[in-house]
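Student: OK, TrEMBL features for this one:
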type	residues	note
BINDING	A:Leu15, A:Ser16, A:Gly17, A:Gly18, A:Leu19, A:Asp20, A:Ser21, A:Thr22, A:Thr23, A:Cys24, A:Met25	ATP binding site
BINDING	A:Cys205, A:Cys213, A:Cys216, A:Cys219	Zn(2+) binding site
2 protein chains.
Amino acid sequence: MSNHNQGGRKAVIILSGGLDSTTCMGIAQAKGYKLYPITFDYGQRHRIELDNARAVAEHYGAQGRHKVIQLGFLKEFGGSALTDDSIAVPDTTKAAEHTAQPESDIPVTYVPGRNLLFLSIATSYAEAIGAEAIFIGVNALDYSGYPDCRPEFIRKVEEVMAVATRVGVEGGPIRIETPLTEWTKAEIIRQGNMLQVPYHLTTSCYNGQAEACGVCDSCRLRLKGFAEAGSADPIAYRARH
Amino acid sequence: MSNHNQGGRKAVIILSGGLDSTTCMGIAQAKGYKLYPITFDYGQRHRIELDNARAVAEHYGAQGRHKVIQLGFLKEFGGSALTDDSIAVPDTTKAAEHTAQPESDIPVTYVPGRNLLFLSIATSYAEAIGAEAIFIGVNALDYSGYPDCRPEFIRKVEEVMAVATRVGVEGGPIRIETPLTEWTKAEIIRQGNMLQVPYHLTTSCYNGQAEACGVCDSCRLRLKGFAEAGSADPIAYRARH
């Protein structure tokens, strides 16, 4: 919080409209960055997130710098339950804890190469506008088995960016900031509440209805996080376990 | 050439419609791969390349597996002479030799993060269809100062893919094949002629007219390559130096 209001510093924020990425908006603002949110429309089922992302960008006064990027080809490629209508999203009762999940147990909701793609596009945007950092709300504790949420993945992408980009070659590489990576969901929510992050505008449900389902992996993690943080989740649920 | 016709092996080919990527089609076919060409429409000035890419895909009987990916946002981001109408493409007489160009001398035709983005999307496609390799026609000798054409960049992307993707985590990482990387333009053309690569369908001109200009960096490298290979360039030029 010590770098408050250092005028020209810019950061690109990968903003899905969910709890984690919205917390990243609050953290980047508190660090004094001018916010350049970027949201990806890749035919995901939870399309309500796109509206949430727009509302969050507006909340932070960043709607004029908010890019919504169409990636319809990801749906065309197929291969994930999040974009492929022929694969069902699991409604599991045993998957609320993921901390020690083995690496080969990658869930069907994995979208091939998604975060690599998101970070590549964010890099292009960051380089074009002269941003010094990209914020992404990945989390190592409850990464749910996605290979591209792990810290070693993020470090490797930074190494690529250092050799791939103009700014990397010419001196000042773009940093990837992952402020949530070591935090539990409860810690994220506590930090977010201190920063007055607008959680009432966010949804985390994989099924993407107007009311969150309360039973998918993502809803369970969120509800457990609010409970452990000792605070009320301001959004509506169809069911709570 | 020893792996001719091994049935099910698939490769994604990043196909611009220019000389180098078209040579990659011929090399991948000769290695026995089923070809899955992918072409990126990012608002580049040389839009004639998109038509060339379609013609090349058809020449190889791969039109049904050819993906043309819209990346209009790259033009929206700006920052390159190849996509930004406010930046002129240099018509230089001193830039025909690039071998020893210093790293900081990045030309205005550089598109921020382009090859990282192209390889990320190709990775998503490769993973979705189960391809084992991605071919990209980057070249270390005449890379024209682009940071993302260097071998160290390609190696770093392979490292990222090994940790970022399902197949990488589960055992068989996707390889990035760069068969042209150590070849001069003349060596590329000699190899391509042996494989009957359809150079009459390709254009390399940065200015993207129906007739190649003959004076931009890309045209000069191509003409010099055909001259050194002792073969005639089958396409038409407005001027030749």
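A Cβ is built for glycine as well, from the same backbone N, Cα and C atoms used for every other residue.
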Student: Select the closest residue to A:Cys216 (Zn(2+) binding site) from the following binding-site residues, measuring between CA atoms: A:Leu15, A:Leu19, A:Ser21, A:Thr23, A:Met25.
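Tutor: Answer for the nearest of the binding-site residues: A:Leu19.
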Student: So of all those binding-site residues, A:Cys205, A:Cys213, A:Cys219, which one's Cα sits nearest to A:Gly17 (ATP binding site)?
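Tutor: Comparing Cα positions, the closest of these binding-site residues turns out to be A:Cys205.
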Student: Using a Cβ-Cβ cut-off under 8 angstroms and a sequence gap of six or more, which residues of the chain neighbour A:Thr23 (ATP binding site)?
Tutor: A:Gly137, A:Pro179, A:Leu180, A:Ile188, A:Ile189, A:Gln191, A:Gly192, A:Leu195, A:Val197
Student: Return the residues near A:Leu15 (ATP binding site), defined as same-chain residues 6+ apart in sequence whose C-beta is under 8 angstroms from its C-beta, sorted by sequence, else 'none'.
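Tutor: Non-local contacts for A:Leu15 (ATP binding site): A:Ser21, A:Thr22, A:Cys24, A:Met25, A:Pro37, A:Ile38, A:Thr39, A:Ala53, A:Val56, A:Ala57, A:His66.
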Student: Specify all same-chain residues, apart from the site residues A:Cys205, A:Cys213, A:Cys216, A:Cys219, whose Cβ lies within 8 angstroms of the center of the Cβ atoms of the Zn(2+) site, ordered by sequence.
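Tutor: Other same-chain residues near the Zn(2+) site: A:Ser204, A:Tyr206, A:Asn207, A:Ala212, A:Gly214, A:Val215, A:Asp217, A:Ser218, A:Arg220, A:Tyr237.
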Student: Under 8 Å Cβ-Cβ from A:Leu19 (ATP binding site), six or more apart in the same chain: what's there?
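Tutor: A:Leu19 (ATP binding site) has long-range Cβ partners A:Lys185, A:Ile188, A:Ile189, A:Gly192, A:Tyr199, A:Thr202, A:Ser204, A:Arg222, A:Gly225.
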Student: Inside 8 A of the center formed by the CB atoms of A:Leu15, A:Ser16, A:Gly17, A:Gly18, A:Leu19, A:Asp20, A:Ser21, A:Thr22, A:Thr23, A:Cys24, A:Met25, which other residues of the chain have their CB, for the recorded ATP site?
Tutor: A:Ala53, A:Val56, A:Gly137, A:Thr202
Student: In the three-state scheme derived from DSSP, which category covers A:Cys216 (Zn(2+) binding site)?
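Tutor: For A:Cys216 (Zn(2+) binding site) - judged by DSSP and reduced to three states - the answer is coil.
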